[in-house]
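These notes are about the structure you will find just below.
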Amino acid sequence: RGTFKKFSFTGFILLGFSDRPQLELVLFVVLLIFYLFTLLGNTTIIALSHLDPHLQTPMYFFLSNLSFLDLCYTTSTVPQLLVHLRGADKSISFGGCVAQMFVSLGLGSTECILLGVMAFDRYAAICRPLHYTVVMHPRLCALMASASWVIGFANSLLDTVLTFLVPLCGRNKIDHFFCEVPPLLKLACVDTTANESELFFVSVIILLIPVALITVSYGRIVRAVLRIKSSAGQRKAFGTCGSHITVVSLFYGTAIYAYLQPSNNYSQDHGKFVSLFYTIVTPMVNPVIYTLRNKDVTGAMKKVLCRGHDSR
């Protein structure tokens, strides 16, 4: 008990990339640029979804939720990493570490579920076009988005509690750039097999249930699209889904690598770079993926810019 009390006051040291000092300045510049683009891209999508009446549809409602998620997710880790990359002090308080893990895990879990909900939205739009506005009623959309947030943060609360119940016996050097489950479990001074099994089971549920929903939705979408006789119609239908599939592949690929591999196969170095990918790269490219070749978004952007220019 005395050890825990002392430890809780001293907090943690986030080693990050301190073993590669020559890389820290390069990473600082690259991540700062990526972070600014993430803020710009995701804020633009949220603003356009609210300003343009043509984008006030279920698809863009969920997309603006995703953009808000990505903004929060990146901000929960990257500003602190930038400070640590340029300073000698790489510490984080015990409470700060718990809060960071809870928030980042909650946002990541919410994104897992939200991507599944977005796949259902595409299924309803393509396979049930005549009933789409009835099926995807604004009240149902709000309910599904709210449920994603509640379930995501409930899962995070469980994971965070399970992780911090593990005794660390005063060990406080985390070989990572933020407080994440796998590197924290590496600090444990007891056998963590039971804890890892519980966390693995929770991760499987939160990752694989949305994956199953996405797989079923897209299986039916593909069948429906192949029944369309015109190639132009097929291209249009697949075009509305291509962006979502790309985002799903990027997010789930890295998340499954980070959380569903056995701990004895977990590489700290690989883990850091994979985490960099889903904390900064994926949130930055999501707006690009969704706006690329999307006439609705580019049209809305031109309208807003022209309106701003005319008002001058």
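A Cβ is built for glycine as well, from the same backbone N, Cα and C atoms used for every other residue.
What TrEMBL says about this one:
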TRANSMEM  25-48  transmembrane segment
DOMAIN    41-290  domain 'G-protein coupled receptors family 1 profile'
TRANSMEM  60-78  transmembrane segment
TRANSMEM  98-120  transmembrane segment
TRANSMEM  140-158  transmembrane segment
TRANSMEM  199-216  transmembrane segment
TRANSMEM  237-260  transmembrane segment
TRANSMEM  272-292  transmembrane segment
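Sequence-remote contacts of a segment are chain residues at least 6 beyond its ends whose Cβ falls under 8 Å from one of its Cβ atoms, and for the transmembrane segment (272-292) they are 16-17, 31, 34-35, 37-38, 41-42, 44-45, 63, 66-67, 70-71, 73-74, 77-78, 104, 108, 176-178, 180, 243, 246-247, 250-251, 254-255, 257-258, 298, 301. Relative to the transmembrane segment (199-216), the listed stretch 98-120 leads the set 25-48, 60-78, 98-120, 237-260 in CB pairs under 8 A. Pairs of Cβ atoms less than 8 Å apart link the transmembrane segment (140-158) most often to 60-78, out of 25-48, 60-78, 237-260.
Away from its own ends, the transmembrane segment (25-48) comes close to residues 17, 55, 63-64, 67-68, 70-71, 74, 78-79, 81-82, 85-86, 276, 280-281, 283-284, 286-288, 290-291, 297, 300-301, 304 of its chain (Cβ-Cβ under 8 Å, at least six residues beyond either end).
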